[in-house]
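Copied over from TrEMBL:
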{"type": "BINDING", "residues": "LEU135, GLY139, HIS140, LEU141, SER376, SER377, PHE378", "note": "(6S)-5,6,7,8-tetrahydrofolate binding site"}
{"type": "DOMAIN", "residues": "23-405", "note": "domain 'Serine hydroxymethyltransferase-like'"}
{"type": "MOD_RES", "residues": "LYS243", "note": "N6-(pyridoxal phosphate)lysine"}
{"type": "SITE", "residues": "HIS242", "note": "site 'Plays an important role in substrate specificity'"}
Amino acid sequence: MAAYTELLRNQADLLRQGLADLRAEDTELAGILDAEVTRQHRTLSLVSSSCAANPRILAASASALVNVTAEGAPGKRHQVGCENVDLVESLAIRRARELFGAQYASVQSHSASNANYQVLAALLEPGDTILGMALDHGGHLTHGSPVAFTGTHYKAIRYGTTSQGVIDYAEVRHLALAHRPRIIICGATAYSRVVDFQRFRAIADEAGAILLADISYIAGLVATGRHPSPIDVAHVTTACTHKQLAGPRGGLILSGRDADTKVPGLRGSFSRVLERAVFPRMQGSPAVNMIAAKAAALGYAMSPEFDAYMGRIRSTADAMASAFMAQDYEVVGGGTENHTILLRLRGGISGSIAASALERCGIMVSKNRALGETRSSFVANGLCIGTGSIAQRYIDPVGCREVVDLVCRILDKVTPLSEQKYCLEPELQEQFRLQTEALCAMYPIADYRGN
Ligand SMILES: *Cc1c(COP(=O)(O)O)cnc(C)c1O
């Protein structure tokens, strides 16, 4: 035991000492953590949900708030010693409401999946009917997929997209009127079009359903007015803080105009029912350190820098979509209205092969089932590409064309042997990897440069 001569009095002292101790006394873990920073610097992420939380947010998530148990809400805790926790949670709530123009905000959900489960569990009985977007059309597991809790616990009906990759609103209405779901879920995870929340609400009203909008993948575009907001349109909105908001892993539950509306069939308004949805129904004490990091992220999301970041997310997405089309790749729907590009692969290369080959060359991308694919999502026939990280590296439209060119050259050199096996010459792979590293060095992650 080292002889300490002074107290670690504040957050900075703790972090400094913690990092020094990790390096000195747990080299195995410290080495892995450092390797991950290096990996993020040296690889190019085209994963649609990816972004880098800035060091301020990382520091907030590593605060001493982790030591506090705080069941309940600010001012109404089951434990003592919560005065700073209350301030932090109140700050996060205030910022979430301000950023999204919401009347009600809950910041305790550990993730967006949890937030969705919490909302559904609060508003529905087991076995109730839910209507959500099918996973293979771009929906999320928590929207009623047969392999998820939402698909087994509820009677899940699924809608999809047209061949142009646009939500089939006529099908949504038809299914809603035929099955009378208690809740309709909109908001996708691999979708490149604007979601027409008004149209969803009109359908929900006609069918007597509650509307839940999950904006996890477009929260930053919504917050900066680049995508219509569902806050006053849907009854309830959920989001995560770690995709477009570039914050810590976590979920948000929001409600706007309908916060005070009575929930059909239940006692109390949406905000009253939602207030009990997280604690005590589904979670114990929140991760208060992560709530601090959410507060930091929500503060950042209100800054001019974040607005500019979202501007770059959009402009680079258009540039990448055009560049892929110029290389004769099919972009579903012929372009994008958000940060996502859905690419159909060619030449017998499956999504699984493309993602693996690109990863070996330092480019991270997610496979995705483009419309009409019948093979499993482990194989897939397409890619889902997003510009969250590209925009954080300030890669301009010219750089975007270079990135697309590199991706296409790699895929051209891949020889598929089966659905998942392929051949890519090791020397070529190494050349491509060095080219990726050179691009990464030319366009460093802006927030990960010190001063
Ligand atoms: C990513 C995503 C989620 C899940 O988020 P987690 O916080 O990782 O649980 C939920 N809904 C949608 C639409 C998503 O894109």
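Heads up, the Cβ atoms here are built off N, Cα and C, so glycines get one too.
This view paints the features noted in TrEMBL onto the structure.
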residue	record	contacts (Cβ under 8 Å, 6+ apart)
GLY139	(6S)-5,6,7,8-tetrahydrofolate binding site	GLY132, MET133, SER145, ARG158, ALA188, THR189
HIS140	(6S)-5,6,7,8-tetrahydrofolate binding site	ASN116, GLY132, MET133, GLY187, ALA188, THR189, ASP214, SER216
LEU141	(6S)-5,6,7,8-tetrahydrofolate binding site	SER113, LEU135, VAL147, ALA148, THR150
HIS242	site 'Plays an important role in substrate specificity'	SER49, CYS51, ALA53, PRO248, ARG249, GLY250
LYS243	N6-(pyridoxal phosphate)lysine	SER49, SER50, CYS51, SER216, TYR217, ALA219, GLY220, GLY388
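Only HIS140, of the binding-site residues LEU135, HIS140, LEU141, place a Cβ under 6 Å from an atom of ligand 1.
A mean pLDDT of 95 is what the model gives for the domain 'Serine hydroxymethyltransferase-like' (23-405).
DSSP classifies the residue listed as 'N6-(pyridoxal phosphate)lysine' as coil under the three-state reduction.
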